[in-house]
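Peer 1: Copying in the features that TrEMBL gives for the protein in this structure:
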DOMAIN    A:513-636  domain 'STAS'
TRANSMEM  A:165-185  transmembrane segment
TRANSMEM  A:191-210  transmembrane segment
TRANSMEM  A:243-265  transmembrane segment
TRANSMEM  A:271-292  transmembrane segment
TRANSMEM  A:331-352  transmembrane segment
TRANSMEM  A:364-383  transmembrane segment
TRANSMEM  A:395-421  transmembrane segment
TRANSMEM  A:427-450  transmembrane segment
TRANSMEM  A:457-485  transmembrane segment
Number of protein chains: 2
Amino acid sequence: MDIRSSSSCRQENLPPYIHKVGPPPKENLFKEFKNRVKETMFADDPFRSFKDQTMSRKFVLGLQAVFPILDWGRSYSLAKFRGDLTAGLTIASLCIPQDIGYSKLANLDPQYGLYSSFVPPLIYAFMGSSRDIAIGPVAVVSLLLGTMLRSEIDPTKNASDYRRLAFTATFFAGVTQATLGILRLGFLIDFLSHAAVVGFMGGAAITIALQQLKGFLGIKKFTRKTDIVSVMKSVWGSAHHGWNWETILIGTSFLAFLILAKAIGKKNKKFFWVPAIAPLISVILSTFFVYITHAEKKGVEIVRHIEKGINPPSANEIYFSGDYVLKGLKIGIVAGMIALTEAVAIGRTFASMKEYQLDGNREMVALGVMNIVGSMTSCYVATGSFSRSAVNFMAGCNTAVSNIVMSLVVFLTLEFITPLFEYTPNAILASIIISAVIGLIDYDAAILIWKIDKFDFIACMGAFLGVVFVSVEIGLLIAVAISFAKILLQVTRPRTAILGRVPRTNVYRNIQQYPEATKVPGVLIVRVDSAIYFSNSNYTRERILRLLMDEEEHLKAADLPRIEFLIVEMSPVTDIDTSGIHALEELLSSLQKRDIKLVLANPGRVVIDKLHASGFVTLIGEHKIFLTVADAVLTCSPKLPDV
Amino acid sequence: MDIRSSSSCRQENLPPYIHKVGPPPKENLFKEFKNRVKETMFADDPFRSFKDQTMSRKFVLGLQAVFPILDWGRSYSLAKFRGDLTAGLTIASLCIPQDIGYSKLANLDPQYGLYSSFVPPLIYAFMGSSRDIAIGPVAVVSLLLGTMLRSEIDPTKNASDYRRLAFTATFFAGVTQATLGILRLGFLIDFLSHAAVVGFMGGAAITIALQQLKGFLGIKKFTRKTDIVSVMKSVWGSAHHGWNWETILIGTSFLAFLILAKAIGKKNKKFFWVPAIAPLISVILSTFFVYITHAEKKGVEIVRHIEKGINPPSANEIYFSGDYVLKGLKIGIVAGMIALTEAVAIGRTFASMKEYQLDGNREMVALGVMNIVGSMTSCYVATGSFSRSAVNFMAGCNTAVSNIVMSLVVFLTLEFITPLFEYTPNAILASIIISAVIGLIDYDAAILIWKIDKFDFIACMGAFLGVVFVSVEIGLLIAVAISFAKILLQVTRPRTAILGRVPRTNVYRNIQQYPEATKVPGVLIVRVDSAIYFSNSNYTRERILRLLMDEEEHLKAADLPRIEFLIVEMSPVTDIDTSGIHALEELLSSLQKRDIKLVLANPGRVVIDKLHASGFVTLIGEHKIFLTVADAVLTCSPKLPDV
């Protein structure tokens, strides 16, 4: 005997039980609206802990919400500090050479990179809720900022205006971040897809590495463009007289050392500190080497001068009026968004590894305030660094105290050690940056994306090639555009499927997915795989009619009985709007002219509600709406053979 | 005995039959890509008829595709011509006074309206595939064009440059339309939602009616802004000395006549011709009246002069270089898109009423070519008119020949009758426009939208208020922005639902929709109502965990058994991308830490394919994926009580 629900029922001569699909319980309009807003803006329910508390307790909780340090600081212990100290010292040793290099990417003097590793991490430690993120300047944002600022002001000819615009952009980057957080619009950064970010980061890494060829090869005249074609022209053009062999020797040997250190760290997680301190060791060794050999006289470019002392105030340097305000705003918004994307991605990754909750919007406020304060203390845009956060995590950090430790080390460096960097060769900074950004190229992710989703891969490669062959901004634009196009395409051209009955069950599924499923004679079952909205209502209607026409042609050719019922499986139709209902009405009238009956299966809560409100249920007849496809088939085709 | 599938099986002591969810049959990558492109760009399968044809036949078919008249013209008959003649004469009588009025909205001399009713309808008749559309200038596009052009050039001070820019914009409007059609990007206009169009049209109608107060009240000094506040200030400011009582008398009496005629036509469909010829009768009567009373000397403004003769060539007046090219392009794109939206909406409505297919992209090419040719023959943007198409339909048009008839009547008018319009009072044109645009305010649609979808209603009112209180462009911008926001919101914050078992069945449904459904002890069944993409993957994961936490709290409070299985019903999950799979992996690891097993039910074809490709199936275990929720519950909770 077959094991099947309805057929076994019928064999027992009982009438099949068909559950009715009535209108769902009415919801209060205001309540519905409130829920919708809550799910959109307050999806993480941030006020949960405030419920049923006294006023004073609410005040304390509010203060803790703005300054999480007041919360976790109370249970801070010496054991935790031990981890934080090690981690802080490790990331400090990594960040100092990186900062000096990254500030060059932003066309700023080396001390500005160090400034940005002093104030922002301190602010973040008080306001941020991630325990693992390491704050400071990062390669991609530095490059982006540098490119965008340079297209407005020439950094060599007009260094002071350039710097002022950099602070202005930093200020507005902070304002953007804080505003997004306060207005709880953090979800906007989700619109940059993972694939696009992978491509963008990879492209930016290559662009940054290419830029380093200037310092690495000791080229004096270098292009200002960042695309690969211009850079390679510049490099080959200067091959005969512009390369400096001493520089190349220093650069290559230390790059080999850094890459070896990385390999060691990768092979054995216990040696994570090897690649972390290798850059500082390289700096010390190469500086000492240049100092004793006076290689700078043989054309090896050196850092020369880093301003001593901590961050000077810069609030009065920010443009608040004039032409540059708008330009600063534009650059700030772009840099702020990219910085956010990076910081939030890092924060989320480590939070999910250590299983703690991270409030994205609160993070944005913290990052925003940190950059606003930074812009007033001579810092440029800081954010979470991929490489340093990973080191921080592996070094066993427990809280944001590791950022405070790092910040203090940078403070000491600024106060006492900067003169020692005078003889540091630029080639070593180039090597450090190259070895750092290599990690941003995520082959594995790209391969996985190719395997999973070809369209995602196009987005990924589009962003990558855009950055490498045109410019950072164009790459970013491509990434955003493709991400949006994907969403829009999905809602414009939803998939449809013809369903058949899976053998030995009462279940109806896509016959392309389950080739063993069989069609029911006289009935065409179509599933629409999307909400029916204005953007796809016409397409959906035409698509269903086309499926019907194809099927009819096929049946005629095979001399099989004609179709009498069209069942539309609505399970994936999560919503419908006025245009969608119009489309259903038009479908109904087209079917009536062909003498085919329209039947709906399993409309969801929102859909059935709207079908009732619009009167479509009355039009089609309440008895034509079923809980399942099986019920619908049972009623439409009672002569269904017992397959 | 309960009538239920699986339980009845178990009562018969047979092992329950569980169908396996394997990977779907592999599709060739190239074929998949081709299908995807075909569904997006060639959803209507335009080459279907070309298949398996000889070369010469293909050539004929191709020619017929570009000029549908070659197809339907072969079966044209005298019987059809009778209907087309009546319809053509009726819409001609309606279009002549409207054209003169609409050209004023576009700040052009009256003859340009007539020109635009001569050439474009002729071109359309040869290339268009709609049988019912009536082509010519329309109120909304005229207003939009007038407002946008005026913000660039002053039409009174610099009439010739203004006219040249108008032709330039018309040219680019045509290019935009034809390009969209040729590139088969017609679906882009679907992104303007029905609700937004209703609001925009209503707002434009009110704005146009307000603009007519100038002619209607005989005001000389009138504001150039279109928002209601400026217009009302202008009207009240001139109340004491600026209003002309003779003008008001003529205007009001004929407006009353026109509205009465409309009411008659609405009451009895047989009298559809009454409102159709009422405008022409008004024009004749009022012109005669002014001519014999010499009311123009008492301050009644008259048309004065309409250039005699047909369209002069204007190809050399189009700007192809200089500053105005870009401005013309911008205005042309906006006006072209709006004109398209209107024409396609009309075409679709009548095509579905008469049950014939309309190829949207081919229509766009026809409209585009028509406007390009128009721009070279002194026409401004023409498109399908709502009111005249309805009259055309009711007058019994059969083919586009009615447009040819109308075009010929306009030709005769231009050649012989224009001097007779000299004494036509402007007030009568104002009355005609007011009575015409009133029909664009669709209260019923707005009420229906409110009933069906509150968010749609916000879009509708946003567009409406934007047009009425700010400007046509701002209203349009609001309409587009809200339409997009709706789509994006849907994919960012998908709905989720907790499922329960519908009593007496084996079906699991949303417990909010079916309050009678009961939860299964020890199992939480969650349904995700959207594709899981980068834009919602984080939200979806967090939302599922939050539902789980809420449920656990609730169970703990009620001292019920803890949850052991989380079943995710994937039926509405139509697609997943790399971010989505990351989210699932993170969900899995969070659940493992809580000792809860993750089970998936009914992943679709694309989803299961990607789950396999990414290795998630191996991670979760193939035996944790089921065809239905019922199967999953059966396996998870074999001790399920027979409810």
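Heads up, the Cβ atoms here are built off N, Cα and C, so glycines get one too.
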Peer 1: Output the single range from A:165-185, A:243-265, A:331-352, A:395-421, A:427-450 maximising the number of Cβ pairs under 8 Å to the transmembrane segment (A:191-210).
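Peer 2: Ranked by Cβ pairs under 8 Å, first place goes to A:427-450.
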Peer 1: Kindly report the helix/strand/coil residue split of the domain 'STAS' (A:513-636) according to DSSP, in that order.
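Peer 2: Taking the domain 'STAS' (A:513-636) as a whole: 63 helix, 21 strand, 40 coil.
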Peer 1: Can you find at least 3 Cβ pairs under 8 Å between the transmembrane segment (A:395-421) and the transmembrane segment (A:271-292), where each pair is 6 or more residues apart in sequence?
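Peer 2: These two stretches do touch.
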Peer 1: For the transmembrane segment (A:364-383), give me same-chain residues lying six or more residues beyond its boundaries with a C-beta closer than 8 angstroms to one of its C-beta atoms, as numbers and ranges.
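Peer 2: Sequence-remote neighbours of the transmembrane segment (A:364-383) are 66, 103, 106, 108, 112, 115-121, 123-124, 127-129, 135-138, 141-142, 145, 166-171, 173-182, 186, 311-315, 318, 335-336, 339-340, 342-344.
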Peer 1: Among A:331-352, A:427-450, A:457-485, which stretch has the most Cβ pairs under 8 Å to the transmembrane segment (A:243-265)?
Peer 2: A:427-450
Peer 1: So which residues does the transmembrane segment (A:331-352) touch in its own chain, when a touch means Cβ under 8 Å and the partner is 6 or more beyond its ends?
Peer 2: 130-133, 138, 140-141, 144-145, 148-149, 152, 165, 168-177, 180, 186, 189, 192, 197, 358, 360, 363-364, 367-368, 371, 381-386, 389, 393, 473, 476
Peer 1: So if I exclude everything within five residues of the ends of the transmembrane segment (A:427-450), which remaining residues of that chain have a CB under 8 angstroms from its CBs? That is, six or more out.
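Peer 2: For the transmembrane segment (A:427-450), the list is 97-98, 100-102, 104-105, 139-140, 194-195, 198-199, 201-202, 204-206, 208-209, 212-216, 218, 247-248, 250-251, 254-255, 258-259, 262, 279, 282-283, 286-287, 300-301, 303, 386-387, 456-457, 460.
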Peer 1: Against which stretches of its own chain does the transmembrane segment (A:457-485) lie, if we need a Cβ under 8 Å and a gap of at least six residues from its ends?
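Peer 2: Distal contacts: 143-144, 147-148, 191-193, 195-200, 202-204, 206-207, 225-229, 334, 338, 446, 449-450.
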Peer 1: Mean pLDDT, the domain 'STAS' (A:513-636)?
Peer 2: 89
